[in-house]
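As recorded in TrEMBL:
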type	residues	note
TRANSMEM	37-62	transmembrane segment
TRANSMEM	82-99	transmembrane segment
TRANSMEM	106-127	transmembrane segment
TRANSMEM	139-159	transmembrane segment
TRANSMEM	191-213	transmembrane segment
TRANSMEM	219-239	transmembrane segment
TRANSMEM	340-361	transmembrane segment
TRANSMEM	381-405	transmembrane segment
TRANSMEM	417-436	transmembrane segment
TRANSMEM	496-520	transmembrane segment
TRANSMEM	540-558	transmembrane segment
Amino acid sequence: METGTMGPVNTNVVNDNEEQQTNACLKRNSTGGWSSAYLLLANQGLATLAFFGVGVNLVLFLTRVLSQDNASAANNVSKWTGTVYLCSLLGAFLSDSYWGRYLTCAIFQVIFILGLVLLSLTSWIFLIKPDGCGDGKQICVPLNAFGSAAFYLAIYLVAFGYGGHQPTIATFGSDQFDESNPKQKISKDVFFCYFYFALNTGSLFSNTILVYYEDRGKWTIGFWVATGSATLALVLFLLGSPSYRYIKPCGNPVPRVAQVFVAAAKKWNATLSDGQQFYEVEGSESAIKGSRKILHTDEFQCLDKAAIVDPEEARNGLVNPWRLCTVTQIEEAKCILRMLPIWLCTIIYSVIFTQMASLFVEQGNAMNANIGKFHLPAASMSAFDICSVLICTGIYRQILVPLFGRLSKNPKGLTELQRMGIGLIIGMLAMVAAGVTEIERRKRVISHKDSSSLSIFWQIPQYILVGASEVFMYVGQLEFFNEQAPDGIKSFGSSLCMASISLGNFVSSLLVNVVMGITAKGNNPGWIPNNLNAGHMERFYFLIAALTAVDFVIYILCAKWYKCINLEIETANFNDRSEEDEQILDRV
């Protein structure tokens with residue numbers, strides 16, 4: 001079936017108004033490019049340093065300072081991390097609909113800093129008493145109600161601020177490149193690799209230096225350093241304001257999508273007569289301000305009924321959006337429906353990812369972490385994950401992309417869907433490695449203690465495998481959801497990656513509760529007891545690996561079914577930065 005404009009429907013007034021809105025939305029500064037993108041990458045690195053300055057060691061803060069047991073602390077960290085990334089959906093909604101990327105980034109960074117300041121003050125005044133407690137040796141005074149309330153308010157302000165900022169800064173960075181320029185389109189793809197590289201570079205400092213001080217009981221110093229880093233990130237972000245390339249918000253997508261389903265339901269019995277075409281506005285611009293036209297696809301044909309013009313509409317020449325939708329509006333709804341199965345398949349992978357901030361740390365804390373007289377903080381082992389990400393990113397860009405590019409004739413090397421599938425397989429292997437490590441750890445338990453003589457460096461393979469899987473899974477996700485999301489919901493596309501991590505944390509918490517509820521009946525300690533030597537945490541790791549294997553099979557089916565978005569090609573005259581882009585691409 002073909003699409004086109006319906007001649008009998010008089011849409012001249014509507015079209016003129018919508019075209020003016022579209023042009024206003026697409027009005028961009030003549031700036032942007034890599035000079036602006038570098039500022040945003042620095043902002044991302046510093047903000048991530050601040051976030052992981054709180055998050056990477058939070059499970060030990062809860063057990064040592066707030067005296068929570070292992071299972072409760074792991075669940076609380078999972079819920080908190082889940083909240084962080086769930087807030088990304090709110091940030092994406094405000095960014096796409098009302099505030100725009102720039103204002104959304106600025107506001108949520110201010111909230112992020114306020115949370116860090118409150119956390120620093122709360123730990124200094126109420127929690128770290130006596131000074132230096134929470135080092136695993138000295139016990140802190142019992143927590144009072146006010147201190148507890150202030151602490152949870154602070155960390156959830158941090159979650160709200162960072163969560164809202166994260167997907168928006170990724171999309172704002174990609175906005176600095178014009179997709180109509182072929183060279184800048186390649187630069188945009190490269191940007192996401194740099195973005196994840198900056199994220200891990202920032203977290204490297206948190207996972208090494210800050211973790212060391214926090215592990216020794218200097219929690220307040222670590223929190224104040226995180227606050228300073230977030231403040232510097234905001235200052236750099238604001239300094240770049242004159243040079244950014246802006247795209248204005250494109251309106252609330254929720255009514256647009258709802259209109260498609262309502263209109264299709266109202267015209268459930270309608271059929272396309274001979275010679276009739278699906279409704280679309282005239283001209284090169286779509287009816288959705290700021291969005292290019294999307295070509296018709298055959299999936300979800302029931303929704304196409306929303307674009308059938310009935311005789312009454314043809315006679316009166318009026319367009320009611322709750323009865324008649326354009327092809328582009330319908331295809332926007334279809335894009336969301338097509339992306340959802342792929343997105344759901346990434347949630348199990350996020351269950352793997354979240355173990356680094358919870359059970360991996362608790363496992364490492366029950367191992368021999370001494371190097372001579374130096375005690376290595378268990379949370380600092382995630383530095384191996386970060387180094388793995390940095391190294392594997394270089395290997396992928398420099399070796400695998402050219403190699404697979406020659407084999408597949410695809411300049412990207414591997415498609416985003418292929419990379420995400422590889423990420424699932426490597427993540428499954430990481431869980432198997434963690435289970436094997438736990439078996440070996442339990443073989444070397446120290447009598448009458450809750451620790452083992454097995455070196456903490458046995459954890460290196462599981463961290464390296466998780467890092468390698470991230471390069472394929474999360475970078476692939478960022479590129480996939482940003483590229484496949486229609487123009488009007490780009491931030492929503494980026495937020496899907498963060499929302500996957502969010503639900504992964506909640507699923508992890510649910511799994512822990514279910515497993516403990518089943519295995520800790522009677523006098524049994526369960527798989528994840530307070531004393532890990534009495535449990536079987538390796539079984540929990542193997543359970544996640546098995547769930548990932550099942551998820552991978554489902555993912556393969558969804559990936560084969562998926563059809564990419566098909567935008568109407570625009571020809572445009574542009575003044576590109578060919579020399580700058582070529583120099584950047586040569587370096588990567």
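For all residues, glycine too, the Cβ spot is worked out from N, Cα and C.
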Legend entry - Maximum Cβ pairs under 8 Å to the transmembrane segment (496-520) - stretch from the list 82-99, 417-436, 540-558: 82-99
Legend entry - Chain residues outside the transmembrane segment (82-99) and at least six past its termini with a C-beta under 8 angstroms from it: 51, 55, 107-108, 156, 158-160, 162-168, 171, 249-253, 488-492, 494-495, 498-506, 509
Inset, instruction - Grab the same-chain neighbours of the transmembrane segment (106-127) for me: Cβ-Cβ under 8 Å, and only residues 6 or more beyond its ends, written as numbers and ranges. - result: 47, 50-51, 54, 65-66, 91, 99, 134, 140, 143-144, 146-147, 150-151, 153-165, 168, 219-220, 223-224, 226-227, 230-231, 233-234, 237-238
Legend entry - Contact ranking winner - 191-213, 340-361, 540-558 against the transmembrane segment (417-436), Cβ under 8 Å: 540-558
Inset, instruction - For the transmembrane segment (219-239) and the transmembrane segment (37-62), check the count of CB pairs under 8 Å (sequence separation 6 or more) and say whether it reaches 3 or more. - result: yes
Legend entry - Interface check, the transmembrane segment (191-213) with the transmembrane segment (340-361), three or more C-beta pairs under 8 A: no
